[in-house]
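Novice: Annotations for this protein, taken from TrEMBL, read as follows:
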DOMAIN    B:94-296  domain 'ABC transmembrane type-1'
TRANSMEM  B:12-30  transmembrane segment
TRANSMEM  B:98-118  transmembrane segment
TRANSMEM  B:130-154  transmembrane segment
TRANSMEM  B:174-192  transmembrane segment
TRANSMEM  B:227-253  transmembrane segment
TRANSMEM  B:273-299  transmembrane segment
Amino acid sequence: MSALASPDGPRRVVPHRVPPWRLALGRLARNRGAVAALAVLAAVALACLVGPFLTGHAPERAYPDLRQLAPGLAAEPGPERLGPALERLAFRMRARVEAYAVAEGRLRLTLRADRPIEARSLVYLPRSDLFGEATVIERAEAGHRLVVEAPVRRLRFPLGTDVHGRDLLSRSLVAGRVSLLIGLVATAVALLAGVAYGAVSGFLGGRVDAVMMRLVDILYALPFVFFVMVLVVFFRASLALILIAIGAVEWLDMARIVRAETQALRRRDFVRAAEALGLSTLAILRRHIVPNTLGPVTVAATLLVPRVILLESFLSFLGLGVQEPQTSWGVLIADGARAIESAPAMLAAPAAFLVATLMALNILGDGLADALDPRGR
Amino acid sequence: MIAYTLRRLLQAVPTLVLVITLSFFLMRLAPGGPFDLERPLPPAAMENLRRVYGLDQPLPVQFARYLGALATGDLGPSFSFRDLSVADLFARGLPVSMTLGSLALALALAVGIGLGTLAATRQGGAADRLVGLLAALALSVPSFVVAPLLQIAFGLSLRWLPLSGWEGGAPSHLVLPVITLALPQIGAIARLTRTSMAEALRAQHVRTLRAMGLPPLAVARHALRGALLPVVAILGPLAAAMLTGSVVVETIFGLPGIGRYFVDGALNRDYTLVMGTVVLVAVLVLLFNLAGDLLSALLDPRLRLGA
């Protein structure tokens, strides 16, 4: 680790030993729960990144004829959905369905009407999302009877569809991008603010430290979630605002952790030596203090990500967070909770993604804490 | 002890002033106002309304007026609930939220401490791992997922409990909201108790008790006193989490508590109602923080409040 190298290069011979971070990594790799959590996280992140390109549906594409489908692997429209859909389409074309049959993925439909059926009304078929371009096979009785053929589309919705007929898998994955992005960026904001503030406060000590920490104490007592809600409601919720608001709330813990670490480090010989060598405060903070607080900070940051994601989805659930057309897991869960009686899958799909991610992050954070500080357990 | 309490209360004043100032100016600097309806009011009527509520005055004057009224305990009239003052709304909503919160807190403490103790006395065993898993799950499943699931299971399928509503606090209407609110805290308390209990069980006086042949349950009882300190210490954050959680729980279960009023107030730009809620929540959190510290001192002689 760079922190272990002295600023003026290695002069004395250091006995070969395994660096502590390698030991910690080894301990983490032996923790089966943490490894599984890491795998889950990688899978979720990868799925959210590339998944939406592979599902075959744009997340905002609505199929009005395929609303609130249950999850399943069967291709849609299934046979039980064809009849009613054709009745509706024929009604729009001012005709009746006389007969229909599907063979080898093609629909053969016989229409009958009191007036001649216009060929251009056949555009209703491809427009319905269920069929491809239609061709007229046979025209009889002066156009009162029409036989047309059209390919039946085969759409798949592994996790079903929502109230507007949008693919839930695509939506959950795209929502995951937003949720994960907020989790990472807001954590990064909190991390930077907290580490800088805590390191400065702890290193300078004395009156500066007292004032800085008094401010943190005061801020600590604020009902922050309520504050974030006020902020988000009164200044139209935007992604940037949510990020800043959440980041601004969550840096306090980080500042406290880093300050405590810094105070301990401050008395260590290598920091005193650096001071004696005349390094500037900023240089000492950057080279010796901050890198050595990274252990506890990593743990805190890992545990902060799920808290941030939870806070975002909490806001979005109340309708105060991410707004349409953007979506996040909280938004989808809110939709699902509203439709829970008719389509339980709408709640289950995004909730499963959210819970899996939060749990994996929590387990990973605990695993990291154990690995970095084996005395803890 | 009394001097300490007084000093702590005095120290809370700057925090409260900060809360009030920040939320007041944040709200007023935001675009929009409480009388922006879908169909805009005629300018004269708007002018009238603004004058009646004092919104035509410059901001600093309004702020001074609000502070002055607040000092006498007047939270002002609500903007969205006509003819009702914020105090009236709190008089209705606070009992609901308090009932909900105190029951959930009691449940979370009882179950959380119980499970944590169980896990600590059987470290590494099946019970320990099960509690660990359940706690992680309780912490990871948000209340807005738990609530609809409970509603489906016990409201729609089994028809044991009502789906939502308050009905004057009938016990059957309380069960699901209290469980929902308590669940994440159960997870947090169980984990905390397990860690501190595991440490307490290694302490020398506990080892002595065991060597003297006390039954395991009696040993655990002695260890618990020391192990409870961290739990008591998080009483403030716990109360804050309860208050936050009650916003979701009250919204989902349709309970007329202050959490609901807060969300409605924020959406309607009801300045006084939102301010009142923020102040109330801040006071409650401060009080719970103080209560946590005082209780810690009672439990642990090393923390006696001299300094």
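Placed from the backbone N, Cα and C atoms, the Cβ positions cover glycine too.
Heads up, TrEMBL stuff is auto-annotated, nobody curated it.
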Novice: Take the transmembrane segment (B:98-118) and find every residue of the same chain, 6 or more past its ends, with a Cβ under 8 Å from one of its Cβ atoms.
Specialist: 127, 131, 134-135, 169, 174, 177-179, 181-182, 185-194, 197, 220, 224, 227-228, 231, 238-239, 242-243, 245-246, 249-250, 255, 257
Novice: Can you work out which residues elsewhere in the same chain, 6+ from the ends of the transmembrane segment (B:174-192), have a Cβ less than 8 Å from its Cβ atoms?
Specialist: 99-101, 103-105, 107-109, 111-113, 115-116, 119, 131-132, 134-139, 141-143, 146-147, 150-151, 154-155, 161, 230-231, 234, 238, 241-242, 245-246, 249-250, 252-253, 255
Novice: Short question: which residues 6 or more past the ends of the transmembrane segment (B:130-154) have a Cβ under 8 Å from it?
Specialist: 115-116, 118-119, 160-161, 163-164, 175-177, 179-181, 183-184, 186-188, 190-191, 194, 245, 248-249, 252-253
